[in-house]
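S.K.: Got these off TrEMBL a minute ago, pasting:
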ACT_SITE  Cys98  active site, nucleophile
ACT_SITE  His210  active site
BINDING   Arg135  substrate binding site
DOMAIN    7-217  domain 'CobB/CobQ-like glutamine amidotransferase'
Amino acid sequence: MNDKQLTIGWLYPTLMSTYGDRGNVICLQQRAQWRGYNVEVLPLDLQSTAADFRKIDLLVGGGAQDRQQEIVMRDLQGKKAEAVRQIIEAGIPGVFTCGAPQLLGHYYEPALGQRIEGLGLFDFVSKHPGIDARRCIGNVVFEITASRLAKELEAMLGKPAVIIGFENHGGRTYLGKVEALGKVISGYGNNGEDGMEGAFYRNAIATYSHGPVLPKNPFLADWLIQTALQQKYQTSVSLSPLDDNLAMQAREAMFKRLGVSEPVAVGKR
Ligand code: GLN
C-alpha cells in the first residue's frame, strides 16, 4: 500500500471556479507534495459517477454564479448526492466556498427563478434578496469559533485562528442548528446581520471567504490535509512545518489596512 497518497476531489471545476477558488486546490496539492505526498486531483463533474466521488480523501468546492449552481444541482442528485452525503458524514474533510455551501444547505433561492433544493447536509438556508439588493463584497476577517476546529487550530498556532478572505455574494445564509465557522470581525459574513461566518459540520468547512481562502490562511490548508490523512490512514499524522513567511507578511499588511489587530500568541498576552 502506498501510504503517502492523497486524492483531492474538485467539485465541478468548469462550472464552479468563477471566483478563483481553484487556488485552494493548488494550495492543498502543493503543500501535501512539499511533505512528500503523491497527490491526485480528481475532477468531479457531469461525467463522473458516484464511484468516482467515493475515491476521494478531501473535497473542495468553489464559488459559482446562480446559473451554474442550477446546472450543478440538476446533476448532483441520486447516487452522486448520496455519495457526497456519505463522504461528509464519514468525516472526510472538505472546504466549500460561497456557491458550493449554498448547495449543501437545505436550499438556495437565486436572485431570479426557482428555489434550488440543496443536499441538506448543512442545517442552513440561503436566499438572494433580488437583483437590486446590494451584494456583499469586500475583504472579510473572522475568528474561528466552531469549537473543535478552534481548539485544534489554536493548538497548531499557539493563538486563536483568524481568517482573512474576500467575499462576493448576493445570497445570504441563515444558520439553523449547525455551528457557525466563525465570528465576523470585519465584513459581512453569512448575511451582514447576525455577525456569523460560514458553518462547520463534521470536518466540512463552509465559508463565504474566497481569496482564495487557503493560500491566505495556510494553517487551514494544513488542518485539512492533516485531517484527511488521519481519516485515511487512521493514525495520527503531523506535518512538517513550511516557510509561510510571505503569507504571514501578506496577512499582517491586510490586518493593518483593515485596522484589525491580530490575536497574540498564548503566553505573550
Ligand atoms: N451565486 C451566489 C451568490 O451570489 C454565489 C456567489 C459566489 O460563489 N461568489 O450568492
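Cβ coordinates come from backbone N, Cα and C, glycine included.
Nobody curates TrEMBL annotations by hand; they come from automatic prediction.
Because the structure is a prediction, the values reported are computed rather than measured.
Walk me through the surroundings of each of these features.
M.R.: Residue density at Cys98 (active site, nucleophile): 29 other Cβ atoms are found within 10 A of its Cβ, drawing on all protein chains shown.
With a 10 A radius on its CB, His210 (active site) counts 23 other CB atoms from all the protein chains.
Long-range neighbours of Arg135 (substrate binding site) (same chain, six or more residues apart, CB within less than 8 Å of its CB): Asn168, His169, Gly170. In three-state terms derived from DSSP, Arg135 (substrate binding site) belongs to neither a helical nor a strand segment and is classed as coil.
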S.K.: Roughly how many Å separate the Cα of His210 (active site) from that of Cys98 (active site, nucleophile), to the nearest whole number?
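M.R.: Taking the Cα atoms only, His210 (active site) lies 8 Å from Cys98 (active site, nucleophile).
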